[in-house]
Amino acid sequence: MNCLDSGREALINFKNGLHDPENRLFSWKGSNCCQWWGISCDSNTGVAIAVDLHDPHLQSHDSCSRYGFFNLSAQIRPSLTKLKSLKHLDLSLNTFPSIPIPNFFEYLENLQYLNISNAVFTGVIPPSLGKLSNLKYLDLNIDRSLVVDDVKWILVLSL
């Protein structure tokens with residue numbers, strides 16, 4: 001099974017926004033993104049349904065603080081929204097300091113699993129996450145750099 005061109009292009013664009021000092025994304029080349037590290041595809045269609053880029057070496061926020069310079073970092077590009085069938089997104093235990101949780105996550109309409117815990121995001125948790133009507137699992141593991149202005153949005157989720 002091969003991944004679709006549109007999915008591969010979206011993932012390459014996403015990768016190009018990241019700083020990857022451990023070269024964890026070394027397999028992100030060639031035409032079949034279904035064989036890339038951290039990517040899972042639907043076995044029938046070849047559509048990317050999962051992006052799991054959590055840091056496999058770290059287990060806690062303390063580890064992130066100490067070894068954060070090895071993590072994926074930089075910016076999260078909105079090209080992820082082109083992955084229309086994306087159900088699973090895990091960016092946990094990485095380091096995205098000084099950037100907010102992206103508002104465009106709300107456009108990941110089929111997302112069922114979102115884990116951005118211990119990823120060192122800053123700012124206000126966007127209420128737009130409440131638009132993720134298919135979400136079954138949400139892990140924000142809020143640290144001191146995130147602010148909760150309003151939690152009403154979480155009531156509409158079916159967690």
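Yeah, the Cβs are placed from backbone N, Cα and C, and that goes for glycine too.
As annotated by TrEMBL, domain 'Leucine-rich repeat-containing N-terminal plant-type' applies to 8-42. Mean pLDDT for the domain 'Leucine-rich repeat-containing N-terminal plant-type' (8-42) in the predicted structure: 94.
Residues in the domain 'Leucine-rich repeat-containing N-terminal plant-type' (8-42) partition by DSSP class (helix H, G, I; strand E, B; coil) as 12 helix, 5 strand, 18 coil.
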